[in-house]
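Trainee: One structure is given below, represented as structure tokens, and several questions about it will come after.
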């Protein structure tokens, strides 16, 4: 390295120790999706059978991408924009794309943490505020909207979100949510106030506490009635479902997004490492822990869902028993849950018309287990409903939402680092601006933009961002990352880099994945994803009390102007890739006759020399 690079390396902050670095990477990778997305996919895609495509995607797509990002960031000791500019100025747009995605994802991700804070604050009340319906305006009965649905749904949609009936009705700002959102961004800022030094201290808590809570939940959940049914449902494989291509597509996208590759955060984190560090071991460790966490979290989650299904099944039978007892003037306890089926079959054969007139509900445990939910539906509706039935419900609610916040805040560290490090590397701000002030400016801008999610239509907009910002753009960015490192930087040169850092060259497995398997899988997933999305116009579920079939969600198509915004959100992050490449080609064409300076992929000084010469 030349003197310029050595000086830059000396100025660059470093992790206090290896544990800090690993916990930060694990905290970034292990997020909310591990708790509320992976179990949902296992549930709808044949239980244990889903693990087969998931593990294949982990080995041939997830781990190679993770290894590549950690290695290139550690070797070049730059953030996402600096890394790709160093490899080739034509690839500078890849780093900018990662920075934009991190910024946009951070906007809605921290809004979810604001919702978590709201529920956390209310979890100390006894009884829990979502356990009963509120009184109506005249205080003569309960709210009609709440009675038509459930108290849990009402608290989420009406008390928390103040939701409108569709995305075109903006509604008013929910000021309580503004306070929670401001609190969430303040917490992020406090953790980042001294850069990786303060963040490195925070991850000791945020990255480890969720495992403690998950273990507590696992022990408690296993004691609940119906827990075994939930676990059996989760892991009972349905091999036939593996014939469905959608299963393989969802497995590939889940492992890709779960590892948080292509955001730029992992490149930034690894850039603060010592150059002599075994990044191969780090990649395998982070990837395996991330997937193991998904599996570990599924057990308590489905134990609780099994408990909820059993409770609903018992309540269904109790309602039917009461109806039969009243109709046939039986004495209490004559019909019980244990002999309900015997009595029902006997009465149905003897008095079929009478039984038919009672409109008894069909009580089937499998049907209740089939009622799947993911995302906010799992966290803020299904789980909160289950907590009500658990003894000591306040304790479990508090622990659950602390766990969610810890998972989310550690992932936010990566999103914000994916913005701050490129800003520092690009040197677009004056040097006299202190880092805490730059961090504060970024957090304030994010908070102001995220106010859109505090409107009555905010939940609809959050779903738009969640579905389209972190999908196609990340797949495209990851594809160009592999092409940039393996075919522009060069496989031989990258192999030399890894030899320098780890003392050994990458084996044939890593080379085969980087050169063929991973880019082909990425391209296949991208094409399949776009093809599936293009087949139908996007729709979204709404909460509309005036809907004919309320409390069922009304499914609406996005209006044209929202559809245009969806396309913009899908294109905006990656538009920098062709623009920067085109700009670089035009400049290169103009300076063909000028003296060319040899460019070094290991030195920013070489790039700066070329840049200064072109300026003169």
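Glycine is treated like the rest: Cβ placed from N, Cα and C.
Remember, predicted model here, so these are calculated numbers, not experimental data.
What TrEMBL lists as Na(+) binding site is 27, 29, 30, 34, 258, 290, 407, 411. According to TrEMBL, the feature transmembrane segment maps to 21-38, 44-68, 89-121, 173-192, 204-228, 248-272, 284-305, 395-416, 437-462, 468-488, 508-532, 561-586.
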Trainee: Around residue 290 (Na(+) binding site), how many other C-beta atoms are within 10 angstroms of its C-beta?
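Mentor: I count 25 other Cβ atoms within 10 Å of it.
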Trainee: Measure the Cβ-based neighbour count of residue 411 (Na(+) binding site), defined as the other Cβ atoms within 10 Å of its Cβ.
Mentor: 27
Trainee: For the transmembrane segment (437-462) against the transmembrane segment (21-38), do we get 3 or more Cβ-Cβ pairs below 8 Å once near-sequence pairs (under 6 apart) are dropped?
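Mentor: The transmembrane segment (21-38) and the transmembrane segment (437-462): touching, no.
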Trainee: State the non-local partners of the transmembrane segment (561-586) in its own chain: residues 6+ outside its ends, Cβ under 8 Å from one of its Cβ atoms.
Mentor: 89-94, 96-97, 100-101, 104, 167-168, 464-465, 468-469, 471-473, 476-477, 480, 537-538
Trainee: Residues of the same chain, at least six outside the transmembrane segment (508-532), with any C-beta under 8 angstroms of its C-beta?
Mentor: 57, 60-61, 63-65, 67-68, 245-246, 249, 252-253, 256, 280, 471-472, 475-476, 478-479, 482-483, 485-486, 491, 495
Trainee: Most CB pairs under 8 Å with the transmembrane segment (468-488): which of 21-38, 44-68, 89-121?
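Mentor: Ranked by Cβ pairs under 8 Å, first place goes to 89-121.
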Trainee: Name them in sequence order: residues not among 27, 29, 30, 34, 258, 290, 407, 411 whose Cβ is within 8 Å of the mean position of the Cβ atoms defining the Na(+) site.
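Mentor: Once 27, 29, 30, 34, 258, 290, 407, 411 are set aside, the remaining close residues are 26, 28, 31, 33, 260, 293, 410.
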Trainee: At a threshold of under 8 Å on Cβ distances, which of 44-68, 89-121, 173-192, 204-228 pairs most often with the transmembrane segment (21-38)?
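Mentor: The stretch with the most contacts is 204-228.
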Trainee: Give me the long-range Cβ neighbours of residue 30 (Na(+) binding site): same chain, 6+ apart, Cβ under 8 Å, in sequence order.
Mentor: 207, 210, 289, 290, 293, 407, 410, 411
Trainee: Let me spell it out: take the transmembrane segment (284-305), skip the flanking residues so only those 6+ beyond its ends count, and list any with a Cβ under 8 Å from a Cβ in it.
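Mentor: Non-local partners: 22, 25-26, 29-30, 34-36, 38-39, 42-43, 51, 54-55, 58, 62-63, 66-67, 70, 211, 214, 217-218, 220-222, 224, 227, 230-231, 233-234, 255, 258-259, 369, 378, 382-383, 386.
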Trainee: For the transmembrane segment (395-416) and the transmembrane segment (173-192), check the count of CB pairs under 8 Å (sequence separation 6 or more) and say whether it reaches 3 or more.
Mentor: yes
Trainee: Can you see whether the transmembrane segment (44-68) and the transmembrane segment (248-272) are touching - at least 3 CB pairs under 8 angstroms, only pairs 6 or more apart in sequence?
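Mentor: Per Cβ check, the transmembrane segment (44-68) touches the transmembrane segment (248-272).
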Trainee: Using a Cβ cut-off under 8 Å, which residues of the same chain at least 6 positions beyond either end of the transmembrane segment (173-192) come close to it?
Mentor: 110-111, 113-115, 117-118, 121, 160-162, 198-199, 202, 409, 412-413, 416, 420, 439-440, 443-444, 446-447, 450-451, 453-456, 458
Trainee: Report, as a single number, how many Cβ atoms besides its own are within 10 Å of the Cβ of residue 34 (Na(+) binding site).
Mentor: 25
Trainee: Sequence gap of 6 or more, C-beta under 8 Å: which same-chain residues meet both conditions with respect to residue 27 (Na(+) binding site)?
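Mentor: Set apart from residue 27 (Na(+) binding site) by at least 6 residues yet with Cβ under 8 Å, we have 203, 206, 207, 410, 411, 413, 414.
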